[in-house]
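J.: Have a look at this one.
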Amino acid sequence: MSERKLFTSESVSEGHPDKIADQISDAILDAILAKDPEAHVAAETCVYTGSVHVFGEISTTAYVDINRVVRDTIAEIGYTEAEYGFSAESVGVHPSLVEQSPDIAQGVNEALEAREGQSDDFNAIGAGDQGLMFGFAIDETPELMPLPISLSHQLVRRLATLRKSGEISYLRPDAKSQVTVEYDEHDKPVRVDTVVISTQHDPEVSNDQIRQDMIEQVIKAVIPAHYLDEKTRFLINPTGRFVIGGPQGDSGLTGRKIIVDTYGGYARHGGGAFSGKDATKVDRSASYAARYIAKNLVAAGLASKAEVQLAYAIGVAQPVSVRVDTFGTSTVSESILEAAVRQVFDLRPAGIIKMLDLKRPIYRQTAAYGHMGRTDIDLPWEQLDKVSPLTEAVAALSEGA
């Protein structure tokens with residue numbers, strides 16, 4: 001009998017409390033970058049019934065109406081009714097943003113390499129903190145993402161589309177999804193074992209109606225039919241009722257959905273959150289660079305699965321380590337892949353910022369439904385423009401080995 005394994009990932013909607021916080025933090029970041037691309041921003045948000053607190057550190061010449069940004073973001077998500085216990089116009093907004101610490105700023109604004117006399121312009125910016133970051137890609141889906149997180153994101157995005165269009169009028173903004181995929185003995189996905197959807201709803205709708213709509217209009221519209229069979233389980237609002245939701249039901253904080261933001265637990269995570277941080281924070285920019293590297297490695301056919309780890313020291317431009325793990329799927333040695341990565345990609349913070357053009361206000365759109373593998377928006381770290389340079393570098397290094 002062949003050995004089969006299950007793997008599960010989850011996603012949450014834009015109306016989930018933690019995702020509201022992420023979107024507010026990134027909306028503030030975008031508003032500042034639109035006026036001051038050189039700004040340093042670390043904006044955190046806390047949401048709960050009737051209140052939003054925004055706090056953190058910024059260095060900018062721009063003036064931004066934080067109150068307006070917060071309210072507009074909440075309205076765009078869909079919290080516009082007082083009965084939700086959290087609405088754009090009635091919520092209390094409490095900003096508390098201060099100047100970035102000069103001790104941190106001196107290392108970011110002038111890297112160790114620059115202080116030691118190295119004149120390269122890309123040595124000017126040091127990493128905003130120490131830390132380790134991971135990027136991942138796998139050939140399970142066209143976007144080179146693990147199937148469980150890809151399907152989970154698609155389910156909650158479909159829910160949001162049906163809610164905002166009015167096609168399912170009883171839906172409210174808060175929702176979660178979870179997909180369990182069965183893999184064969186070769187680690188290839190063969191079927192979906194379980195789908196969980198919990199969606200906030202108006203009080204008068206029946207559970208039978210919700211179940212029917214979720215299966216027919218959401219699950220079957222998203223998950224390819226060949227992954228579904230008579231044994232697939234559908235668990236729809238398994239508590240039996242989900243009227244109270246959003247910040248009225250749970251408080252939310254920026255940075256609490258880092259696994260949803262990345263690979264659904266299929267790959268490792270360095271622990272740093274993304275939202276509210278400008279690109280000098282390598283928690284964000286180096287994670288994007290690592291995904292960029294991994295995706296191009298897999299797209300080039302150099303591996304069917306690739307995980308890239310980058311690590312940095314605060315105030316130092318060059319990464320302290322670069323590691324590529326292909327889990328035995330690479331066509332050449334991993335040492336050659338690592339050498340090729342170092343040749344093709346400039347992994348200093350300034351190099352990443354230039355390579356991916358990260359001083360633009362592009363972050364609000366990433367703050368729900370995943371930062372990686374997006375097919376609905378155009379993100380620079382999802383481009384495949386490094387396939388040829390990587391292939392050429394690997395060929396040259398292999399000849400010289």
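Each residue's number is its place along the chain shown, starting with 1.
Quick reminder: no glycine exception, Cβ is built from N, Cα and C everywhere.
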J.: In Swiss-Prot, which of 100-110, 232-242, 254-264, 364-374 is labelled region 'Flexible loop'?
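T.: Within the set 100-110, 232-242, 254-264, 364-374, Swiss-Prot attaches region 'Flexible loop' to 100-110.
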J.: Using a 10 Å cut-off between Cα atoms, which of these binding-site residues sit near ASP18 (Mg(2+) binding site): GLU44, GLU57, ALA175, ARG241, LYS277, LYS281?
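T.: So far as Cα distances go, none of the binding-site residues lies within 10 Å of ASP18 (Mg(2+) binding site).
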J.: Among HIS16, ASP174, ALA175, LYS176, ARG241, PHE242, ASP250, ARG256, LYS257, ALA273, LYS277, listed as contacts of ATP, what is the widest Cα spread in Å, to the nearest whole number?
T.: 36
J.: Could you give the mean pLDDT over the region 'Flexible loop' (100-110), rounded to a whole number?
T.: 58
J.: Quick check on the binding-site residues ASP18, GLU57: which one has the highest count of other Cβ atoms within 10 Å of its Cβ?
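T.: Buried the deepest by this measure is ASP18.
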J.: So how many other Cβ atoms are close to LYS281 (L-methionine binding site), meaning within 10 Å of its Cβ?
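T.: So the number of other Cβ atoms within 10 Å of LYS281 (L-methionine binding site) is 23.
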J.: When DSSP is mapped onto helix/strand/coil, what comes out for ALA175 (ATP binding site)?
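T.: The three-state answer is strand.
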J.: Only counting partners 6 or more residues apart, tell me which same-chain residues put their Cβ under 8 Å from the Cβ of ASP250 (ATP binding site).
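T.: The list for ASP250 (ATP binding site) reads PRO17, given in order along the sequence.
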